[in-house]
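K.L.:
This structure is in C-alpha cells; I'll ask about it shortly.
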Amino acid sequence: MKRGRFITLEGGEGVGKTTNLAFIRDFLRQRGIEAVITREPGGVPVAETLRTLVLETQGLAAEAELLLIFAGRVQHLRDLIEPALASGRWVVCDRFVDASYAYQGGGRGLDWERIEYLERWLVSRQPDLTLLLDAPVEVGLARARARGDTNRFEEETVAFLERVRQAYLRRWRQAPQRIRRVDATLPLAQVQQAIAAELQRLLGER
Ligand SMILES: Nc1ncnc2c1ncn2[C@@H]1O[C@H](COP(=O)(O)OP(=O)(O)O)[C@@H](O)[C@H]1O
Ligand SMILES: [Mg+2]
C-alpha cells in the first residue's frame, strides 16, 4: 500500500488555517483521497489535555510550554499521524513543528537550537507540504477577534505576534520547496485557488 501524504497548515492567529482545513479535505475527497484532519497542540486525548494546559495556564515558563507541546506531539505522532500514514491515509494537520519555531522560538525567544534538538530527537518525519498562510498581524488579529473565542496566544502583544510571523517567514526562506507561502490577505476564494494549485503540484497534476 502507498503511504499517505502529510500536509500541515501554518501561520499566525486568524489567517485562515482552520477554515481551509475543510477546503483541503473536500479537494482531496473529490480525488478519492480520504484525509484525516487533525491539529496541534492536540489531536489525540493526551495531547488535547496538554493543549488545554498550554492554552489556559497563566505564567507558564517558555521552556515548559515548549516541552508540553513536544510531549503532545510525540503522542500525536505515535497514536495518530504515523498509523494513518502507514495505512495509506493522508493527514492534514492544523500546525506542527514549524509552529514551535515560530511561537516558542520567535515569539518566546527560545534558541532555535533547542527546538532543533527536540525535533531531531522526537519527530520522525517532515511534512510533504506545508502551507504557510501569511498576513500582517493586524489582519489576522482582526479576523480572530471578529470570529470570537480568542486564546492566550491571540491575546499576546502585537510585537510577540510580529516575531511569530517573522520566524515563520524565516522557516519558509530556509525550506521554500516544502513550505509554500500563501498570501492570506486575499479573499478566501483566491486563497483557496492558491492552495489548490499547491495540492495539484503535490499530486503531480501540474
Ligand atoms: N481569506 C479570508 N478573507 C476573509 N476572512 C477570512 C479569510 N480566511 C478566513 N477568514 C475568516 O477569518 C476568521 C479566522 O479564520 P480561522 O480559519 O479561524 O483562522 P486560524 O485558524 O488561522 O486562526 C474566520 O472567521 C474566517 O471565516
Ligand atoms: Mg484555527
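Just so you know, glycine gets a Cβ as well, placed from its N, Cα and C.
Look at TrEMBL and you will find G11, G12, E13, G14, V15, G16, K17, T18 tagged as ATP binding site. Under the heading domain 'Thymidylate kinase-like', TrEMBL lists 9-195.
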K.L.:
G16, K17, T18: which of these binding-site residues put a Cβ within less than 6 Å of any ligand 2 atom?
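P.N.:
K17, T18, by Cβ distance under 6 Å.
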K.L.:
On average, what pLDDT score does this prediction assign to the domain 'Thymidylate kinase-like' (9-195)?
P.N.:
96
K.L.:
For ATP, what surrounds G11, G12, E13, G14, V15, G16, K17, T18 with a Cβ no more than 8 Å from their Cβ centroid?
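P.N.:
The answer, listed by sequence position, is L133, A135, G140, R143, A144, A184.
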